[in-house]
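What follows is a set of notes on a single structure, which appears directly below.
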Amino acid sequence: MASGDDIPKAEVRVHFDAKTGSNTVDVEIHSKAKEDHVSVHKSRKMPILFERAGTWWPNPKFDSEILEKEQWESYFPQTRRRFQYALFYILIACIAWVIFFAAIQTKNMVYFLIGTLVLLVIIALFLGFTYTKHYKKYYLPTSFVVTLLVCLGILLPYIFDNTDLSTVGTFTATVELLLMMYSVIPMPLFVTVIIGLSYSLIFEFLTAYKHDYMRQSYFIIGKVLLHLCIHLMGLHIFTMKQVQQRSTFWKIGQSILAQNDLQIEKQIKEKMIHSLMPPKVANEVMKSREGKDDEIDDVRTRKRGSRSKARVKGEIIFRPFNMNTMNDVSILFADIVGFTKMSSNKTAEHLVALLNDLFGRFDKLCENCGCEKISTLGDCYYCVSGCPEPKQDHARCCVEMGLGMIKAIEEFDRDHNEQVNMRVGVHTGTVLCGIVGTRRFKFDVWSNDVSLANTMESSGQPGRVHMSEATYEFLKDEFEVEDGPLVKDNRTTKVLVEHYDKVTSSYAVKHEQAQRNIKTYFILGRKRKDEDQSKAATSNGEAPVHPESVAISMDNSETLIRNPTESDNLMKDAGAVEGEESASKEDPLLNHYEPKSSDANGVSPATLLTRRHSSGFYAASELSLDKIGEDDTLDTGAQPISETLNKYRNAHQQTDMQIVTCVREGIAKKEYFYKPPINNITLAFLDSEMEANYRDHYLDETHIQNTLSAPKYHAFMEFLLSFLVFAIISVFCFVVFGSRLPWILVFIVSLILEVINLVRSIATIKWHNSEVQGFCWKVSHVTAGWYLRNILGAITVSLPIVAVYSNFSCDLMTYSPWTDRFFCFCIMVSVLHYTNFTTLSSWVKTILAGIAGIVLIILLTLKVCASKDTLAATAESSVVLLNLTTTEMMITSAVDTIAGSNLSKEVYVFSSIHNLQFEIIVDMLLLLLLIGFLNRESEISYRLNFQGDAQAWNVKQQMQENKDQADWLLHNIIPEHVSDKVRKTSKYSKNHKDVGVIFAAIVNFNEIYDESFEGGREFLRVLNELVSDYEELLDDPRFKDVEKIKTISSTFMAASGLNEQSRAQNKNPYAHLYSLMEFSIEMQNAVKRFNESIFNFAFILNIGYNYGEVTAGVIGTTKLLYDIWGDTVNIASRMYSTGVKERIQVPEATAKLLEDKFEFEYRGEISVKGKGEMLTYLLVKKIEGATWK
């Protein structure tokens, strides 16, 4: 038997109050998925870009053209929108420069105005084109042309000898263009890199050509470093944008796919629950499941009589239990007459097919007649009406059901050339309905009235409906009847008496009761009045149920009339099953044939289980080329590698098509891919819980991902980029600005911080999810908090700009006009670093970038380096520079410069007021606008990625929990080792040899049971306790081969040796038989402990044991059932029914097989129906020291 640790644990409580209509139904299912900690994924040392990523890093794409195409289609609206924003930004920049050129009134103003206006008009036309349907087809040429036009627009001023735009302005425009190319202008990476690098080379060549001073070696090195920094950050932005888009698409697709699979899991769970109980109770069960997974009831796991805790004798500690009393319930029992003759000359496959057909018809009738099927016992079928939902016409429903069954079996005989009939008994009374036990439980009914209904069937006649006087009272105006035989009434009032047992010298409570009989009736036909009422009901739109009409409808039902060969493979390994028909139901356990009902309610549980394995999420999330050879559903052992790869490619394509279909059907608007539910200003999630999870997701990364989009890897890449940018900026500062004490101190401190951050990010990857909570783990968790992470991030992201500002000094800025310009170049590049760290708040980064820009503006406007000496030095330097350059504007005097009569490139930026200062201010404002926009977009994308990930994870968890619950419910019906095969084929049957079977019955339960006390409910509570004690024994590792088959009233049926995998692990081939006998002994001990703990209860347990060949199978569609059949089962049943009080009885063959481990005593010969006289033995004890493995 499957170990209790392998499947979710559950506890069932059912309560339905028919008077008030209230329900109290509890099912405790402790899911392994919720209790187990998610293990760390260690399949790869290096992370991949994103799920299902291709192998070429510089060009991030899915490994599937199907996914890549759909991703492009889904994100094209966002691509279009971002490109439109880029065009809007270019228009704003053109307008700003038009205003600037118009204000400064230079001699080349007209040319600059015309050129800028022409570019503005062209960009406006392209912007309008993006709103047309043709843009989607020509988006790439459009991006290419726009990029070339902007490049041309920036380089065009170099045709003038005396340009009105400084090198700072053109360089800043270059920075902005390159940044847009990598971030918002849609072009492939290789195109972007080629254009970007070509433009950088052309721009710097023209700059050096126009300005001789730019040809100095350290300035060339400086410019190379700055362009390297720009392209490095651009590549990072481009790569992370592609990674986030595809990762988000995959997660959204997974989320939608998981939602679809979640529905399948919910249907499976619903079907499993409906296999155990009626829909009314099942719906309440599923509602009561909410919020109960985390509750653990200690009483559930406490064994009665345990030595761990002393208990006062008489103290009663019961498990949670609910059982409902319902009045006015009609019960129908029906038995196949001639079943033994029909089964005697047929194979098991043919016989089961016939039973499937017949009981399938009955299931359809049960649904149409308003009855609730309870179960089948061998060739006996029983159902109820008026339970668990009250019905006023319950008696009529059961009688119509009985008449319909007789009609249906007549049609069955004609269809299959058989000669069987039905004996039907109906009785109306009170029942207790609920669930007993914690394993292999099912909804059932108990009461003396149920037993009486069984008696009505056994005392009836073939082809007739036999009903009691209580049922007749409800139907005397509807049916013609004739008197039937008197039947013994088992509902007489019992009187408690105290009985003294001389053998044990103890008292026990027993019942004495007076005997009486009840009248019974056979139905002859309907009264004329009933037919008139039926016609009236039909005219009113109602649909009365008559057996004739039901039978006619079944003729047209493909689900009911089936060819016997349709289920020939159900028991392909089974041999012939022998059984004996019992006219009376004194022992309903002999014939263990079970029907396979037709699926009257839609998709069957078995079909759903097979769909689970072929449906989307499991295949999409688990199937990969890395797992070739691991999936047993794709047998590749004997195939060439080319065929194996083709098979997996086809599997991938099917999975990809499922995702694409789900995305198209599940998302009506493409805005879902770029507009998460956030506040448009703060960008915080509208759902406060989602926002809290977003802030903590870096800290509590429960869904371990080995992709670049995972927070820890994403953060590492950003810290690595920060380190590289800082290193490049630092080299630039040392090369261009030299070594000054303030800068050296800042460099040392910043370098230490950068190294610490880099090491911390590496430690986070390695120890963040480590079970060993050492120093690195603590540091990782402390620094991963939202506020501390933003503070540390703000410091880190500002290190490059701080490094540049630390080099500022008037001596340096007035040493040469080119030094201050290179200072501005470096400032513009350093501000770009504020686009890094997408995990930080975009507002924080944008505000910091704004502060950095404001500092530059303040330095420009306050004339911090202005003095008379500075002015003189400015004029002198200008004269010197005039001799060195030929392309700069002539400076006539310092006074003319300050007055702004002429824009000179030779002025010192930070020492006077001139047009160059205003130009730099415009440059900085435009750059800050672009940075703010990119920060906003990156945070939105990151939040959307998190939302998709969170949704996919939540749905996956819900799906896994539903799967665990469905699996637990399935394992409650079918053993785990069998359910795996049922999932794949929806069928199971197998012959097993040397299987042990026991029947353990409380033979005096009916004597103790008394309905005068709370309708007998408390007696069933006691039975529930005892059965649960039996079931708890199954958790013992000694009994791993033992599994419960079913509980029938107070009889417990179990078997060993059905799990061949577990059985194969035993060294002794009969170890499972020894374990079953030891389990039987432990059951006796459990009953003894039970009797000791509950005052004046003296349950008597008889156990029958046998071993041999059995046929195990799963039958049914709407209600799956696992059972075993065969002569071995019938003899085991006879062993308990003919046994001795509180003893274990076995046949001779079993005693001889087990005698080396257990001691037996000969009892004698007993008569076994169908077998004649058999030699039997009684167990004495287990031989001392006997062991087995």
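Heads up, the Cβ atoms here are built off N, Cα and C, so glycines get one too.
Among the ranges 286-314, 576-604, the one that TrEMBL lists as region 'Disordered' is 576-604. Mean pLDDT, taken over the domain 'Guanylate cyclase' (996-1136), works out to 85 on the 0 to 100 scale. Highest Cβ pair count under 8 Å relative to the transmembrane segment (85-104), across stretches 110-131, 138-160, 715-737, 787-806: 110-131. Sequence-remote contacts of a segment are chain residues at least 6 beyond its ends whose Cβ falls under 8 Å from one of its Cβ atoms, and for the transmembrane segment (715-737) they are 218-219, 221-222, 225-226, 228-229, 232-233, 236, 240, 698, 708, 743, 747, 750-751, 754-755, 757-758, 760-762, 764-765, 796-797, 799-800, 803-804, 807, 812, 819, 822-823, 826, 829-830, 833, 836-839. Helix, strand and coil content of the domain 'Guanylate cyclase' (330-457), in residues and according to DSSP, is 60 helix, 39 strand, 29 coil. Across the domain 'Guanylate cyclase' (996-1136), DSSP assigns 65 helix, 40 strand, 36 coil.
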